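J.: Quick one: structure below, then a few questions.
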Amino acid sequence: MINEGVPAVVLRVPEESQPLDQIPSVTQLEHVPLDVGLSGTAVAVGDNSWSGNFPMYMGGLGPSSDSSPNSSNASYESWTNELKRREAASKTPRNEQHFVRKNVTNEEIGARRIRQELKKRKESRRNEKRAIIRSRLETKSSPGKFEDAVEHCKSSALYNDPYLKELAGLDLFYPESIDKTMPQPIEIRAKTAFDYFNAWRRNQTPESTGPMRKKEWLGMTDEDRQRWLEKEEAVFEEMKVQLRLGFVTILKYEQEEMEAIKKLEMKNQEDKFWNIFAENLKKYPRHDFEPFPFHIYF
């Protein structure tokens, strides 16, 4: 007999101990919308309006105006297509995304070669000038006299050239200088044929502007341009002669070469010291009770 006044205690049996036929299957579970608890309104089963809370299913475009299943599938397909496009773009190299290589013309290739040749020629001339200055410093030759330099300029055909004789910035000895200190310092920057032409044209026509002179240089014939290139080479050869004679110098190169010579001399003296030290070690073997004869070095 069951006592109606006594409450009955019902213990829930775990699913592991329940018979398999009593465990509800997935198809028997009740459909629960995904936005339960996210909004205060109840959502009917089969309504696709809950997808507004999940923009990923709408292609990242927010809530859809159409709540039919077909519109959701179309939005999902557009979203997957967008993901594929972004993934493909991320795998594309950056230079192909943001840079389109232009076709290089023969004129540009020729200009690059000319720039490379000019760079090599400047480097070669710079090394030649350094070698001359270094040789003069190593031999400790005295600088040339001002009077000898003036006589040399009078006999040089370069100072009588109609295009160059009136130019002051030739990087050569200037005989009209008030300061007679020898050697005369010249600029480190080597001037080109265009620099000489530009200075000559500025003296001839002071009203001409820089762009006008550059345009005239570019429109010059090959014969005229070659004439100025020969003048540039002649100035460089005369500069080397004056560097050897001690008429001119480049202060920066001279200072750098002097420091290099001093470092080399110090290294040679140090090597000489240790060579003598090693030879004397053989002559005077060390003993614990005999001091090493350091006095022979001082």
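Using the three backbone atoms N, Cα and C, a Cβ is placed for every residue, glycine included.
Unlike curated records, TrEMBL annotations are generated automatically.
Source: prediction; values computed, not measured.
The feature region 'Disordered' is assigned by TrEMBL to 63-96, 115-136. What TrEMBL lists as compositional bias 'Low complexity' is 64-78. The compositional bias 'Basic and acidic residues' annotation in TrEMBL covers 82-96, 125-136.
Quick one: how deep are these features, and who are their neighbours?
T.: Counting only same-chain residues 6+ beyond the ends of the region 'Disordered' (115-136), those with a CB under 8 A from a CB of the stretch are 190, 192, 236, 239-240, 243-244, 246, 249-250, 253-254, 256-257, 260-261.
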J.: Provide the three-state DSSP residue tally for the compositional bias 'Basic and acidic residues' (125-136): helix first, then strand, then coil.
T.: 12 helix, 0 strand, 0 coil
